[in-house]
Structure formats: structure tokens, C-alpha cells
Amino acid sequence: MSDGNTAAAWVPTGSVTVRVPGKVNLYLAVGDRREDGYHELTTIFQAVSLLDEVTVRNADVLSLDIVGEGADKLPTDERNLAWQAAELMADHVGRAPDVSIMIDKSIPVAGGMAGGSADAAAVLVAMNSLWELNVPRRDLRMLAARLGSDVPFALHGGTALGTGRGEELATVLSRNTFHWVLAFADGELLTRKVFAELDRLRRAGDPPRLPGPGPVLAALAAGDADQLAPLLGNEMQAAAVSLNPGLRRTLRAGVQAGALAGIVSGSGPTCAFLCPSAAAAVDVGTEVSGVGVCRTVRVASGPVAGARVVPAPTEV
């Protein structure tokens with residue numbers, strides 16, 4: 001007999017699987033460093049079709065396993081944001097975090113696509129469904145923001161304008177599908193080091209600042225890749241290239257292969273290339289792969305939905 005205090009007394013058995021996308025930054029303007037050490041950001045995120053699958057089951061204790069690309073590089077304990085998400089959600093509802101988490105990774109690790117944040121968002125959604133908590137979306141967003149600046153967008157998906165540290169989101173109208181080639185350079189760029197390098201470059205001579213995001217928003221609303229291409233911009237790009245000069249070769253290779261434009265996404269080391277069509281993206285991806293300027297190349301499209309429960313297969 002249960003004493004009424006165990007998870008088994010109040011949650012159904014079974015498992016829940018959530019798919020969650022990686023992101024690219026189409027536009028990123030960085031304000032000066034604030035007193036709290038953060039920078040004020042204005043960014044436009046787009047969720048793209050590189051998806052992690054996160055499965056959560058009821059268990060006796062909290063555990064985390066990771067398979068897929070780059071799994072061996074990731075911690076499977078409290079250092080992992082997905083583990084922290086499970087503890088936070090359980091604490092929010094006054095329960096023990098007794099779940100097993102399995103992450104099947106397709107979002108490249110240390111690629112600047114917020115894969116760790118995506119997995120954390122997926123855990124929140126999966127536990128909400130598995131435990132039938134009915135935690136409202138606004139509360140999930142609040143929990144997500146406590147975990148990290150990129151976690152709320154992984155919940156949101158689609159295309160969004162982010163402000164503050166990037167966690168304050170407004171939905172952006174984005175017509176049509178945009179086609180991307182994502183090239184992941186060798187080496188890892190730590191976000192804090194890229195910000196520090198940007199601060200140094202600005203003290204030395206102030207690299208150019210982007211105009212406001214209005215024209216980018218208009219191009220997205222029009223669904224016009226040709227209109228969007230010259231407007232892609234990232235004020236962190238100069239710092240990322242300064243720390244990893246090989247990114248310059250990657251950007252050049254993508255444009256020479258036929259991309260409309262290329263940009264370092266976020267703090268890098270991912271380069272995102274906008275292509276005129278799905279077929280063109282495959283061609284650009286093949287050519288960039290052959291040049292040998294990056295470790296991995298992926299073709300993706302966006303926008304796609306944020307973290308969503310995968311419907312269980314129906315029995316016939």
C-alpha cells in the first residue's frame with residue numbers, strides 16, 4: 001500500500017516524449033554591459049528543424065542519459081540544464097524529481113544553437129504532461145527564464161523578437177519557409193568570452209552597430225528570402241571571428257557555394273547560410289561540406305514549433 005506521499009500515488013505510469021528545436025539568430029544587437037554583468041540584447045530568433053527528442057518516465061530517482069551526436073561531451077548530472085529543469089519543475093509543484101530523462105540529440109553540441117536550453121524546455125513540457133500538472137504556459141515561461149536566457153524561446157518556437165537578456169519574447173510574423181545551411185566550425189566559443197572580446201573591441205574602436213530590427217521584421221512578414229538576406233546581422237560576429245579566424249573562411253565558402261547570405265549565429269561557432277530554396281540548401285550544404293572548413297554541416301528549415309509533446313502511437 002502506498003502512504004500517499006510517493007510519486008506512484010499521484011502520477012500515471014508510462015512516458016512522454018517531446019520534440020524541441022534548435023535556434024538561429026537572424027539579428028542580434030548587443031547593448032553595453034549592464035551593472036549586473038549582462039548585456040541588453042535585441043535579437044530575432046528562428047526555430048529550425050534540427051530537433052532533439054527528450055523522453056521522460058516515472059522512476060525511483062532522478063537520472064539522465066544522453067545518446068546521439070556529441071552525447072559523450074555532455075554531463076549527465078546536476079551540471080546539465082535538463083537535470084536542473086527536472087528539479088525546478090518538481091520543486092515548483094512540491095514533489096520529488098523522480099523521473100528518468102533520455103535525450104536523443106540531433107542539435108549539435110556546443111554549436112551555438114541552444115541545444116542545452118532546448119532540452120531543459122523539453123523536460124518542463126514533458127513533466128507537465130507526464131504528471132498531468134496543467135501548469136499554465138505563463139508559469140512554464142517563468143520557470144524557463146529562471147533556467148537560462150535561451151530556454152523561453154525553446155518553449156515558444158516559431159520566430160520571435162527577444163529583448164532583455166533575450167528571455168523577453170514577442171511573436172514575430174514570419175510568412176513562408178526559410179531554408180538554411182548550418183555549418184558548425186571546429187572548436188567551442190564560450191559565450192562569456194565572446195562578450196568579453198566584444199567589450200574589448202568596442203573599447204578599442206567601436207565596431208559598427210546594427211540599425212534597428214524593423215527592416216528584418218518587414219522581410220520576415222513578407223516571407224522574402226532575397227529581402228531578408230542583406231539584413232541578417234550580428235554585432236557579436238566581429239568578436240567571434242576575432243577569437244576564431246577560421247569562421248571567416250566558413251562564411252566565404254557558404255556564399256561562394258550559392259547562399260544568399262551568411263552570418264555567425266549568436267556567439268558562434270555556427271555559421272547560418274540563408275538559401276533561396278530547399279534544393280539550393282542541399283547543394284550549398286554539399287559544397288560547404290566538401291571544402292573542409294567546418295566539422296559538421298546540416299540543412300534545416302524554419303520556422304518550426306517550439307517544444308511539443310509527440311502524440312503516442314494509436315493502437316490499431
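Even glycines carry a Cβ here, placed using N, Cα and C.
According to Swiss-Prot:
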| type | residues | note |
| --- | --- | --- |
| ACT_SITE | Lys23 | active site |
| BINDING | Pro108, Val109, Ala110, Gly111, Gly112, Met113, Ala114, Gly115, Gly116, Ser117, Ala118 | ATP binding site |
| ACT_SITE | Asp150 | active site |
Asp150 (active site) and Ala110 (ATP binding site), distance between Cα atoms, whole Å
14
Per DSSP, to which secondary structure element type does Gly116 (ATP binding site) belong, with helix, strand and coil as the options?
helix
Taking the Cβ of Asp150 (active site) as the reference point, list residues of the same chain whose Cβ is under 8 angstroms away and which are at least six residues distant in sequence.
Lys23, Ala114, Ser117, Ala118, Gly166, Glu167
So among the binding-site residues Pro108, Gly112, Gly116, who's got the most Cβ atoms within 10 Å?
Gly112
Among the binding-site residues listed here (Ala110, Ala114), identify the one with the smallest other-Cβ count within 10 Å.
Ala110
Local Cβ density at Ala118 (ATP binding site) - other Cβ atoms counted within 10 Å:
34
Whose Cβ lies within 8 Å of the mean position of the Cβ atoms of Pro108, Val109, Ala110, Gly111, Gly112, Met113, Ala114, Gly115, Gly116, Ser117, Ala118, the ATP site, other than those residues?
Gly22, Ile107
